[in-house]
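K.L.:
Shown below is the structure under consideration.
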Amino acid sequence: MEQNSRALIDGFNRKIDYLRMSVTDRCDFRCVYCMAEDMQFLPRQQILSLEELFQVAERFVALGTRKIRLTGGEPLVRQGIVELCGRIAALPGLRELCMTSNGSQLGRLAQPLFDAGVTRLNISLDSLDTDRFKQLTRTGDLAQVVAGIDAARQAGFKRTKLNCVVLKGRNDHELVDLVRFAIDRELDITFIEEMPLGTISEHERGESFCSSDEVRERLAGQFTLIESTESSQGPARYWRLAEAANTRVGFISPHSHNFCATCNRVRLTVEGRLLLCLGNEHSVDLKHVLRAHPGNPERLEKAIRDSLHLKPYRHHFEVGGEVQILRFMNMTGG
């Protein structure tokens, strides 16, 4: 990777070159680990406009960011999202523009997103059972999501990745089937330990926790897992399958194998808070900077640079412990 003299370096000498941007807190699903069933969403005036989102993206790319991931809520329910993708994708120096989606809108938007310059998709898929999928998402239609997954492949997306949050007693018996689903479609799949964000009522996190080591041990009974050194510039650790050359299995393990030492990313909430760590509340209000100093990229750049001293070395998630972070995942950016 080329060095940029303006690159963002935090207090622990970690280069920050990956920005996760939430473009909306709204979603057409109500996943049990992500938000409350009666979630109250932000009024429009409190969220960043598409132009403000672009201005932040432009500044980060100018400061050496090489990967941007658009998240939500569900990013595809934000009006104007395809046009925003096209503008961000065209920024000189950006290598990857990725998106995390629940897949519900990909049937109609996969091709426009690909044409706009989105390079990769992550699609959430927590169950292959229609009823269980509905229970976990509260409102989701499995057939619609599968159609969206297939539409992404037809549109030309490569290395599409499925994301599965593993909940013991709810979907952990589907692990092998989910991998086989990924193999059949030549997709990658990542299993994620649930992150303790927001107070939920659907399950007890301590009881539903399933570690990445346990998931890997179960999969090893059916597949030959070969550890890989490949990276997607994010927190996932990957294994290849001897049985399937075109599928990788990844693990994101915030509890059992935290990835803080090599953290290269920050998050922008749709409210304009620049979060320096997923598991801490250290943040800077970029919305205030954008609105108090419109059309002043130097002030925005200074705020971004000054924020880095707030980035902690690590989070301190605890399985089953008292919730320390009250914001839900949809407010953070999944």
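The backbone N, Cα and C atoms fix where each Cβ goes, and this holds for glycine too.
Since the structure is predicted, the reported quantities are computational estimates derived from the model, not experimental observations.
So Swiss-Prot says this about it:
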- 11-236: domain 'Radical SAM core' (DOMAIN)
- R20, R69, T100, K161, R265, V266, R267: GTP binding site (BINDING)
- C27, C31, C34: [4Fe-4S] cluster 1 binding site (BINDING)
- Y33, G73, S124, M195: S-adenosyl-L-methionine binding site (BINDING)
- C260, C263, C277: [4Fe-4S] cluster 2 binding site (BINDING)
K.L.:
Could you measure between K161 (GTP binding site) and S124 (S-adenosyl-L-methionine binding site) for me? Cα positions, answer in whole angstrom.
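P.N.:
Between the Cα atoms of K161 (GTP binding site) and S124 (S-adenosyl-L-methionine binding site), the distance comes to 9 Å.
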K.L.:
So, in DSSP terms, is C260 ([4Fe-4S] cluster 2 binding site) helix, strand, or coil?
P.N.:
helix
K.L.:
Please report the distance from the Cα of V266 (GTP binding site) to the Cα of M195 (S-adenosyl-L-methionine binding site), rounded to the nearest angstrom.
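P.N.:
V266 (GTP binding site) to M195 (S-adenosyl-L-methionine binding site), Cα-Cα distance: 17 Å.
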K.L.:
Please report how many Å separate the Cα atom of C277 ([4Fe-4S] cluster 2 binding site) from that of S124 (S-adenosyl-L-methionine binding site), as a whole number.
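P.N.:
S124 (S-adenosyl-L-methionine binding site) has its Cα 22 Å from the Cα of C277 ([4Fe-4S] cluster 2 binding site).
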K.L.:
Under DSSP, is C27 ([4Fe-4S] cluster 1 binding site) part of a helix or a strand, or is it coil?
P.N.:
coil
K.L.:
Are there any residues at least 6 positions away along the chain from R265 (GTP binding site) with a Cβ closer than 8 Å to its Cβ? List them or say none.
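P.N.:
Correct list: I16, Y18, L19, R20, G234.
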K.L.:
Can you count the other CB atoms that lie within 10 A of the CB of K161 (GTP binding site)?
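P.N.:
Around K161 (GTP binding site), other Cβ atoms within 10 Å: 20.
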K.L.:
Could you state the whole-number distance in Å separating the C-alpha atoms of C263 ([4Fe-4S] cluster 2 binding site) and M195 (S-adenosyl-L-methionine binding site)?
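P.N.:
Checking the Cα atoms of C263 ([4Fe-4S] cluster 2 binding site) and M195 (S-adenosyl-L-methionine binding site) gives a distance of 16 Å.
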K.L.:
Whole-number Å only: compute the distance from the Cα of G73 (S-adenosyl-L-methionine binding site) to the Cα of C27 ([4Fe-4S] cluster 1 binding site).
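P.N.:
For G73 (S-adenosyl-L-methionine binding site) versus C27 ([4Fe-4S] cluster 1 binding site), the Cα atoms are 5 Å apart.
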K.L.:
Cα-Cα separation of C260 ([4Fe-4S] cluster 2 binding site) and T100 (GTP binding site), in Å?
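P.N.:
Cα of C260 ([4Fe-4S] cluster 2 binding site) to Cα of T100 (GTP binding site) measures 21 Å after rounding.
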K.L.:
Just checking the binding-site residues C27, C31, Y33, C34, S124, M195: which sit within 10 A of T100 (GTP binding site), CA to CA?
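P.N.:
Hits: S124.
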K.L.:
Please compute the mean pLDDT of the model over the domain 'Radical SAM core' (11-236).
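P.N.:
Averaged over the domain 'Radical SAM core' (11-236), per-residue pLDDT gives 93.
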K.L.:
Would you mind reading off the Cα separation of M195 (S-adenosyl-L-methionine binding site) from C34 ([4Fe-4S] cluster 1 binding site), to the nearest angstrom?
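P.N.:
Given the Cα positions, M195 (S-adenosyl-L-methionine binding site) is 9 Å from C34 ([4Fe-4S] cluster 1 binding site).
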K.L.:
Reported as an integer number of Å, what is the Cα distance between C31 ([4Fe-4S] cluster 1 binding site) and S124 (S-adenosyl-L-methionine binding site)?
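P.N.:
Cα-Cα, rounded: 10 Å.
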K.L.:
For the C-alpha pair, I'd like the distance in angstrom between C34 ([4Fe-4S] cluster 1 binding site) and R267 (GTP binding site), rounded off.
P.N.:
16
